[in-house]
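Annotated in TrEMBL:
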- 1-260: domain 'Sugar phosphate transporter' (DOMAIN)
- 6-22: transmembrane segment (TRANSMEM)
- 90-108: transmembrane segment (TRANSMEM)
- 120-137: transmembrane segment (TRANSMEM)
- 149-170: transmembrane segment (TRANSMEM)
- 182-203: transmembrane segment (TRANSMEM)
- 210-233: transmembrane segment (TRANSMEM)
- 239-261: transmembrane segment (TRANSMEM)
Amino acid sequence: FPSPIFLGIGQMAVTIMILYVSKLNKLIHFPDFDKKIPVKLFPLPLLYVGNHISGLSSTSKLSLPMFTVLRKFTIPLTLLLETIILGKQYSLSIIVSVSTIVLGAFIAAGSDLAFNLEGYIFVFLNDIFTAANGVYTKQKMDPKELGKYGVLFYNACFMIIPTLIISVSTGDLQQATEFNEWKNVLFIIQFLLSCFLGFLLMYSTVLCSFYNSALTTAVVGAIKNVSIAYIGMLVGGDYIFSMLNFVGLNICMAGGLRYSFLTLSGQLNPKQPVDEENIPQALK
């Protein structure tokens, strides 16, 4: 499918529909629209759409293993932004674990035999947008303000039209409408499933950030990519093996696993927020 921006629009539309229907049926709660909401949300919508488009675009330019390695740079960027914006402090052990992940990424990327400059640019932009999006999402998810559902809903609402304009102006929409598989029922099912899973991924990420730190969310994403990286070597067909690249991948994974161990053993203990959005009104 040649149109990543159009797929992003589909994911935004599904997000709006699911959350709005859930709100109507009183399954979830988020504030009704008022003129203060854009101010409260800024700059999240811009980071959200930048993250969305650069992520979908970079996936098609790189092999899966290299994509997952270069996405590791999100982690030190998140650590830096949390320190600057949220004033958080991390132990030396955490910083060493993050540095190990970055070292492995440098080794693997430096020996990438399928170098693609455009792909690298997209994925580094995606790292920056992801880190900033994670930190600002954590900052703006106060249940007394927008809450996690409000952040998701209004992000998608504010950016679906600008993203559609981008899709039209870049020819992305035309490519999507001219795609010859729209009469294929299997393709339509897969497209709709991709839209739903895009919503599920965004919701899961926001939920993880709500209960943990933005840094933990970034590292959890990196650990999730362990299976993707190794499966991509066997299944993707676009991975070119080299010893340095393979060693770099494994250093990345070791640093990520070490971080997870430190988190689980209690060296990183973010305060658990009360999920006021799921408390019945009677108890409030």
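A Cβ is built for glycine as well, from the same backbone N, Cα and C atoms used for every other residue.
Outside the transmembrane segment (149-170), and at least 6 residues removed from its termini, the chain residues within Cβ reach (under 8 Å) are 3, 5-6, 8-9, 12-13, 15-16, 19-20, 22-23, 28-31, 33, 37-38, 41, 44-46, 48-49, 52-53, 137, 140-141, 176, 202-203, 206, 277. Summarised as a single figure, the pLDDT of the domain 'Sugar phosphate transporter' (1-260) averages 83.
The stretch in 6-22, 90-108, 120-137, 182-203 that contributes the largest number of Cβ pairs under 8 Å to the transmembrane segment (239-261) is 90-108. Sequence-distant neighbours of the transmembrane segment (120-137) (same chain, 6+ residues past either end, Cβ-Cβ under 8 Å): 43-44, 47-48, 50-51, 54-55, 57-58, 61-62, 67, 70-71, 73-74, 77-78, 80-82, 85-86, 109, 151, 205-206, 209, 214, 217-218.
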